[in-house]
Amino acid sequence: MKVFIFFLLFLLIIIRSFNIPGFSENSYNKNSILEVLVSEVKSLETQLPYKYNEFDFCDAYQRQDIDESIAEALLGENKQVSQIQFQVFQFNLNYFILRNNYFILQHNQIQVKVFQKNHWKEFLLDFIMLQIFIYSINNFYFIQINKKKEQNEFYLYNHFDFTVIYYQDSFEKYKIAVFQVIPSSQGAFDYKTPFCQIQKNDQIVQKQDLKNIFYTYSVKYIMDNTKSITSRWERYRNQEDLENHQGTLINSFTVNLALALLIYCILRRILMKDLSQYSQLQHQETDNDEMGWKQLKSDVFRAPGNPIVLSTFVGVGLQLGTIIILSIVFIAIQYNFEKYRTSSFLNVLIIFYIISGFISGYYSARIYKMLGGCYWLRSTILTTIIFPGIISFIYFIIEFAMFLEESLYTIRFKTIFQLFFFWFLVQIPLVFFGSVLGFKRQKIQQICRINPVPMPIPKQYIFLSRHMLCIIGGLLPFGCILFELTYIVKSIWNNQFFYLFGFLLLAVLLLIITCAEISILLTYVQLNNGNHKWWWNSFYSTGFCGVYVYAYCFFYWLFYLNITRLSSTIMYFGTMAIGSIAMFLFCGSVGFVSSCLFTRYIYAQIKAD
């Protein structure tokens, strides 16, 4: 316990000094240079990111790559400094690109895919994002095909009107609150003049005009001191009905909390009744046979099969649960629900996972020693490699599929080296350190003496078989997180923001409570029917919630996503498999620990020989 408290205090120190790169607002002086960044090209239909300079319409020249974090590399994000830049309070209007033989004449294979798969790109100014779609019928988008004509006519959006809304932070210090971009399609420009005459209506691009394409931009500034740093996120918060979102989550939380309280009250009433009856029988002179769970006092703590695997699963699951909760708290409190992207949250998860390695080592060693294990080195090595090994195997399959597609999603050697460095030189020593501490601690003694010969297990009802226990045990925990899971999956695969981390934290806490109660209830029913092999069942029953999560991924892919390519499908199911496995280990470990504490408590209340 002291080790765990020390770890929490250590994490609090890190949290107070930690900052997510790219989400701290910058202050600007007059005449400061503002650089517009561009990100990778994405699509909801393919889910495959491509580099910005893969396309002719993306002004591929003289750009500087920005150093990316490990999470951004894993997600395929790639930010570059474009040639669009302007000074603060300096109104500009001039051309910045001259391109010959535009891509319509080339018909590059990748560029044809862009027209068919609804790709978009992102502009970033002071890390405020704004998406510009490449193919759509919306008038806001970058390139549009007019479908009213029998023959497609192209509107080439080659001019961008930037509007920067700022507020004064201090004396001669300014901060950007919001920026907007209005694209338009313009005809030929006189490149000999520094400024260009912009026409109000979009101009249809003719084939003979494609020999000299000029890209221009303009910028204007609006001061609004009513704005603040939170204003930059309002457009993303308005993507959906906020009140409806919150109302749905509150209703779901209330219903699941009521069910959890109901299970607790029923189980407590039954258990207190059993203990009261047993106490009365002990004061009677007549000899009464023990019935129900009490007759298993000499077999209930018999070690299960494969204790090394079970202890490893539980240790890794407790580690994953710890980092999930701490990451949510970190994002929610430190950034007040505002500054979030998927890469930011993944960065926090990776950091916490690396520095929390000794949690899995310590608890897997303690449980393995309690179950009578003696091969501590095998246990430690298995704890070290099992979850990273699963992730590496899945990512290898995804990487191979992305390599065939020439996608940006392929991980660079630099990122692989960084991950291996942190895993080998940071996490592995921490796992071994925790394992040594766990094995040096005194063994957790069992409450009751174990008979050499196990008691035969009577024939069980069908609903008490392991398969039925898994189906029943994972259903209610899955219901606790269903609505949150929907919004999280939508945030990841529909490129939307998720910022209600307070509700997410409540959902995770309710998930823990529900898993604990369901596991205790099912363990009690098994023991009451003479089945003393509860160890693995307590883990599998609640861990099956991860299987339900993966089944939901199939449902979401079938009805909500429009992914048709095999490589994109492999990436989707591979990524969701990692999350489902993590959920399986997390929920299973909660169920196991809860059932273990429950059985130790109830058998400590009876007088055992």
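Including glycine, each Cβ sits where the backbone N, Cα and C put it.
Marked as signal peptide by TrEMBL: 1-17.
Here the transmembrane segment (249-267) has Cβ contacts under 8 Å with residues 476, 479-480, 482-484, 500, 503, 506-507, 510, 513-514, 517-518, 520-521, 524 of the same chain, all six or more residues outside its ends. What TrEMBL records for 249-267 (among others) is transmembrane segment.
Residues or ranges marked as transmembrane segment in TrEMBL: 308-333 (among others).
If you look up TrEMBL, you'll see 345-363 (among others) marked as transmembrane segment.
Annotation source TrEMBL lists transmembrane segment at 375-398 (among others).
According to TrEMBL, the feature transmembrane segment maps to 418-440 (among others). Proximity of distant same-chain residues to the transmembrane segment (418-440), defined by a Cβ-Cβ separation under 8 Å and at least 6 residues beyond the stretch ends, is recorded for 3, 70, 350, 353-366, 369, 376, 379-380, 383-384, 388.
The transmembrane segment annotation in TrEMBL covers 461-485 (among others).
Residues or ranges marked as transmembrane segment by TrEMBL: 497-522 (among others).
Per TrEMBL, transmembrane segment is recorded for 534-558 (among others).
Per TrEMBL, the feature transmembrane segment maps to 570-603 (among others).
Counting Cβ pairs under 8 Å to the transmembrane segment (534-558), the stretch among 345-363, 497-522, 570-603 with the most such contacts is 570-603. Long-range contacts of the transmembrane segment (461-485) within the same chain, counting only residues at least 6 positions beyond its ends with a Cβ under 8 Å from a Cβ of the stretch, are 248-249, 252, 256, 259, 503-504, 507-508, 510-511, 514-515, 518-519, 522, 525-526, 529, 531, 536-537, 540-549, 552, 587, 591.
Contact check: the transmembrane segment (345-363) against the transmembrane segment (497-522) gives fewer than three Cβ pairs closer than 8 Å, residues 6 or more apart, which falls short of the contact criterion. Counting residues 6+ beyond its ends, the transmembrane segment (497-522) has Cβ neighbours under 8 Å at 233, 236-237, 239, 245-246, 249-250, 252-253, 256-257, 259-260, 263-264, 267, 321, 324-325, 328-329, 331-332, 337-338, 340-341, 469, 472-473, 476-477, 480-481, 483-484, 487-488, 491, 537-538, 541-542, 545, 587, 590-595, 598 in the same chain.
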